[in-house]
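Enquirer: Okay, these came from TrEMBL:
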- 23-313: domain 'Gcp-like' (DOMAIN)
- 111, 115, 307: Fe cation binding site (BINDING)
- 134, 135, 136, 137, 138, 167, 180, 184, 279: substrate binding site (BINDING)
Ligand code: KG4
Ligand code: ZN
């Protein structure tokens, strides 16, 4: 049972956690949302500086909250891709430095693999193969999870990520940043059938539509047109109805693709990951559809849907158990496909140095 301390600084949360296999011993998340709110989005340079300010304190806090010292830690992990390079570098450098100092194995972790592993924190008995619907601020992917480190991306968004669409529509409705939680709250009191909005299908060259790929930019433009129409006519904007109709369209579109993926590949479980997995509309739609198709749905605990380090530590503990470790020369990468996760590790065979 490996105990891993992980550091996550890929975007605007400075997070440190300690996980013993699939049990969270401590999880510290310091959000920068209040700082970035004034700019309407994340400012990369501000994010990096803030991580530098906070990271050491968060590391000390995570050990204290878990009542552990370094002797109890088997490995140290840092998110290394994808994300804002300057922000990633802060956590990654801290993780490498601690690994050198305390002579522990070091692991670089793919941020999206972390989001997949968040579901293991609500169901420690979950085992591949299963389908993962990953819906965050930067990604919308349907992933066939074959094993630890072995993923096949079946479908993606062709333009905006689901979370990005929530954030952009929230900005149109003047709900502030981040938009997802605000739309989720308003949708509770709106009518989801008030406006028929386009789902955003991707046409295939030979006819028909792509079963797993999605597009959200047309949906966002449709909401923009509606708001302009109301503004021109001088009528008050029905923001709750617009929020509910938008959320319903996104939830239906994602649910349809997830069910199709699970059925087509003969998988009996669907795990959800990423900030949008916290969305109540999506949770309800997916749960209901899964029950109709006899599929199991696993949602991460609410606090582990959005960015956190517990999911990163959970993925790292599993890699460590399998003898996967990273070189200390591993760099931060702004982009890296989930298909290439295993390029982050050297397995146990020794690599002779070239003289
Ligand atoms: O996974 P995450 O914390 O960061 C990334 O890796 O991108 O996801 C953040 C995204 C934001 O776009 C935010 O608006 C969205 O998740 N989000 C939500 C909800 N909570 C967060 N979207 C819809 N409903 C929510 N309840
Ligand atoms: Zn994330």
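Every residue gets a Cβ built from N, Cα and C, even glycine.
Curation does not apply to TrEMBL; its annotations are automatic.
Describe the structural context of each listed feature in the structure shown, including burial, neighbouring residues and relevant distances.
Expert: Per-residue confidence over the domain 'Gcp-like' (23-313) averages out at a pLDDT of 95.
Taken residue by residue with DSSP, residue 307 (Fe cation binding site) is part of neither helix nor strand, so it is coil. Contacts of residue 307 (Fe cation binding site) defined by a Cβ separation under 8 A and a same-chain sequence distance of 6+ are given as 8, 10, 11, 12, 13, 15, 29, 111, 275, in order along the sequence.
Residue 136 (substrate binding site) falls within neither a helix nor a strand when secondary structure is assigned with DSSP, and so counts as coil.
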Enquirer: Looking only at 138, 180, the binding-site residues on record, which one has the least crowded Cβ, with the fewest other Cβ atoms within 10 Å?
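Expert: Output over binding-site residues 138, 180: least Cβ neighbours within 10 Å is 138.
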Enquirer: Which has the fewest other Cβ atoms within 10 Å: 111, 115, the binding-site residues listed?
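Expert: Ranked by other Cβ atoms within 10 Å, the binding-site residues 111, 115 bottom out at 111.
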Enquirer: Specify all same-chain residues, apart from the site residues 111, 115, 307, whose Cβ lies within 8 angstroms of the center of the Cβ atoms of the Fe cation site, ordered by sequence.
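Expert: Other same-chain residues with Cβ inside the cutoff are 8, 10, 79, 112, 114, 136, 273, 274, 308, 311, 312.
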Enquirer: Record lists 134, 135, 136, 137, 138, 167, 180, 184, 279 as binding substrate; longest Cα-Cα distance in Å?
Expert: 18
Enquirer: Among the binding-site residues 136, 279, whose Cβ has the fewest other Cβ atoms within 10 Å?
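Expert: Fewest other Cβ atoms within 10 Å, among the binding-site residues 136, 279, is found for 136.
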Enquirer: Below 8 Å Cβ to Cβ and six or more residues apart, same chain only. Which residues does that give for residue 134 (substrate binding site)?
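Expert: When sequence neighbours closer than 6 are ignored, residue 134 (substrate binding site) has 112, 115, 116, 140, 141, 142, 143, 272, 273, 274 within Cβ distance under 8 Å.
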Enquirer: Taking ligand 2 as the reference, state which of the binding-site residues 134, 136, 180, 279, 307 have a Cβ closer than 6 Å to one of its atoms.
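Expert: Those binding-site residues that pass the cut-off, since their Cβ is under 6 Å from ligand 2, are 136, 307.
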